[in-house]
Amino acid sequence: AGKAWWSAYPMYALGRWMRLSPLVGVLLLTTVGLLPALGDGPMWSLGGAEGDACRAGGWWLNLLYVQNLFALAAPDSALWRCEGHLWYLANDMQFFLAAPLFAYPLVTRPAAGWALLAAALTASTAANAVIAAVNGYAASPLFDQTYFTNVYIQPWTRAQPFLVGAAFAAFWDRLQGGAAPLARRHSPASAASHARRADPAWLVWGLAAGAAAVMLALSFGTLGLYSALPSPWGDAQNVSYIALSRLGWPVGLSAVAYLCFSGQAPLVNGLLSWWPLQVFGKLTFAAYIVHPVVMYGVNYSTTAPIEFSDIWFAKSFTSFLAWASLLALLLWLLAEKPAANLLAL
């Protein structure tokens with residue numbers, strides 16, 4: 001089994017690269033060659049920094065998915081700012097490459113696999129806390145660029161959601177009868193018999209309330225952080241949020257997933273499984289890739305400085321969402337889906 005795993009690893013990694021890279025390539029070509037010619041006006045040239053970084057050679061960092069590591073090694077270089085919003089794809093690729101290192105022991109030696117997951121999760125949480133405390137970072141990359149390059153985008157400090165997700169996947173697989181062959185375990189009859197559960201009411205409501213409390217606190221609990229500049233948060237608040245926020249969110253999400261998968265949250269599961277959301281879900285990757293192009297085109301084509309207001313934010317969000325979704329549909333039809341079909345051959 002070990003030999004087969006290692007022999008399949010190159011194609012495993014190549015498949016992921018080919019899954020992500022077509023849209024990244026389209027974005028790079030648009031930013032470098034097409035975007036400068038799409039508009040003009042007094043503000044148009046103010047938004048060209050990312051394009052300049054790409055033309056200067058930063059494009060290859062995106063295609064190798066190492067821009068976050070390059071930012072740590074050379075924070076003063078402009079190259080890693082090429083398509084700055086794609087920093088998360090570097091994390092995605094790095095976690096994907098590391099996933100078999102956790103999955104293999106979980107399958108072959110579960111005790112060792114769980115110990116490895118626990119150790120990695122503890123180390124990631126400790127790294128967040130120690131780096132934040134030593135450097136006195138505020139819990140927002142908007143306030144400190146070094147926090148962004150040293151903590152916010154690095155895989156060892158952003159690994160908590162990946163590790164919690166891996167732990168939940170292993171836990172759910174075990175509930176489904178993890179030692180059974182995959183074909184029998186995921187047959188319709190097996191899925192029907194294993195998925196639905198009847199946990200005690202206190203556990204169901206406890207998981208639901210706990211997930212809601214944690215996720216709402218993480219979503220709205222940072223109001224004080226952004227209420228003034230410099231931020232009024234003290235060291236304890238900043239370190240706690242930096243160390244625990246990316247841990248708490250996937251824990252809450254895992255609780256929601258458990259309740260949905262086990263048939264104990266039918267209303268939530270029905271909403272999240274609603275077919276329009278499933279259709280839109282197919283477009284979210286392309287929308288993520290292309291949305292800065294939409295924002296660039298709208299914001300820098302104005303002839304006067306933007307005056308921020310609630311109405312401006314509402315109108316801008318609506319137009320950005322609509323245009324990004326439309327472009328995402330075109331990209332899905334012309335690039336993403338054809339590339340996925342080639343991978344399936």
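Each position is counted from 1, following the chain as shown.
Just so it is clear, glycine is given a Cβ too, placed from its N, Cα and C backbone atoms.
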Stated TrEMBL location of transmembrane segment, expressed as one of 69-89, 279-299
279-299
Ranges 20-39, 160-179: which does TrEMBL label transmembrane segment?
20-39
Apart from its near flanks, which chain residues at least 6 from the ends of the transmembrane segment (249-272) lie with a Cβ under 8 angstroms of it?
160-161, 164-165, 167-168, 172, 195-199, 204, 207-208, 210-212, 214-215, 218
Using Cβ atoms and a strict cutoff of less than 8 Å, what residues sit near the transmembrane segment (202-229) while being 6 or more residues removed from its termini?
138-140, 142-143, 237, 241, 245, 248-249, 251-253, 255-256, 258-259, 264-265
What stretch of 113-134, 279-299, 311-335 shows the most Cβ pairs under 8 Å to the transmembrane segment (20-39)?
279-299
